[in-house]
Amino acid sequence: MEDKATTKDLDQWIEQLNECNQLTETQVRTLCDKAKEILSKESNVQEVKCPVTVCGDVHGQFHDLMELFRIGGKSPDTNYLFMGDYVDRGYYSVETVTLLVALKVRYRERITILRGNHESRQITQVYGFYDECLRKYGNANVWKYFTDLFDYLPLTALVDGQIFCLHGGLSPSIDSLDHIRALDRLQEVPHEGPMCDLLWSDPDDRGGWGISPRGAGYTFGQDISETFNNTNGLTLVSRAHQLVMEGYNWCHDRNVVTIFSAPNYCYRCGNQAALMELDDSLKFSFLQFDPAPRRGEPHVTRRTPDYFL
């Protein structure tokens, strides 16, 4: 196997990953190199056309990702936009992120994958992905290939110039999409500043900017969302990052929607998951789904902290 992934290789890898079987370390390296090539050409505000199905956090819940594709349609038949947090917490971060990256490399025009706050070296060392890579490969190389790749993921996407999609939320340092386009994203997620805020902030019932209980990013009120949408000619901010019990939740007088796509989050929260389908004319509908039937989860001791639910 050379360092070139042919279409035939990719199809075979995708087939294997669909069965929840991991790739070899060498195959992952080849895949990540190819993905970097593709992602390096994408913008900080990646343009996406409708129709497209928008998804929130997946967090290594591989069987629920399979359920998501069953409900929403297979890739590439359905166009997808994922808003980050592919790894950590679930038991199958390796298979989940490898599959999404393989689909991106195989069908680059049909799937968009954004960066979430968990697509970071620091966070993955605490919340499970690093340990899982060590357990499944016997060393940290695969973790390194993926976390290096994460620096290339676009920060936000813009669907038909109107619906702005990102993982976390708005930033007091950013008024316009051009400010986002000007950021240097090829780095670890910083502890503060605009790039950090886009991946960490949350909408709030209180107006204005507030200090985030997460220790990174800000909270922002309806006044902020309305101003941002008006300034940038947007109809909606679509984001993920927060567990919502019904899988989706409107706030800020429908200026913001939260979408969460990991059902029964952490295998214990009891929430539904959802997808937002945008049709040819940007009309939205939500599809809710429950966890895939489980055939015995692995008995893994969980040592990850419960903070940041």
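Even glycines carry a Cβ here, placed using N, Cα and C.
The active site, proton donor annotation in Swiss-Prot covers His118. The Mn(2+) 1 binding site annotation in Swiss-Prot covers Asp57, His59, Asp85. Residues annotated as Mn(2+) 2 binding site in Swiss-Prot: Asp85, Asn117, His167, His241. If you look up Swiss-Prot, you'll see Leu309 marked as leucine methyl ester, on the strength of similarity to another entry.
Feature map: Swiss-Prot annotations on the structure.
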residue	record	DSSP class
Asp57	Mn(2+) 1 binding site	strand
Asp85	Mn(2+) 1 binding site	coil
Asn117	Mn(2+) 2 binding site	coil
His167	Mn(2+) 2 binding site	coil
His241	Mn(2+) 2 binding site	coil
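Around Asp57 (Mn(2+) 1 binding site), the same-chain residues at least 6 positions away in sequence with a Cβ under 8 Å from its Cβ are Met83, Gly84, Asp85, Gly116, Ala240, His241, Phe260, Ser261, Ala262, Tyr265.
Between the alpha carbons (Cα) of His59 (Mn(2+) 1 binding site) and Asn117 (Mn(2+) 2 binding site) lies a span of roughly 11 Å. Across the structure, His167 (Mn(2+) 2 binding site) and the residue listed as 'active site, proton donor' are spaced 10 Å apart at their Cα atoms. For the Mn(2+) 1 site, the Cβ centre of Asp57, His59, Asp85 serves as reference, and the other residues of the chain with Cβ at most 8 Å from it are Gly56, Val58, Gly60, Gly84, Tyr86, Val87, Asp88, Arg89, Gly116, His118, Ala240, Phe260, Ser261, Ala262. Summarising the environment of His59 (Mn(2+) 1 binding site), the number of other Cβ atoms within 10 Å of its Cβ, over all protein chains shown, is 26. The Cβ of His118 (active site, proton donor) lies under 8 Å from the Cβ of His59, Gly84, Asp85, Tyr86, Val87, Asp88, Thr124, Tyr127, Phe129, each of which sits 6+ residues away along the same chain.
Within 8 Å of the Cβ centroid of the Mn(2+) 2 site, not counting the listed residues Asp85, Asn117, His167, His241, the chain contributes Asp57, Met83, Gly84, Gly116, His118, Gly168, Leu199, Trp200, Ala240.
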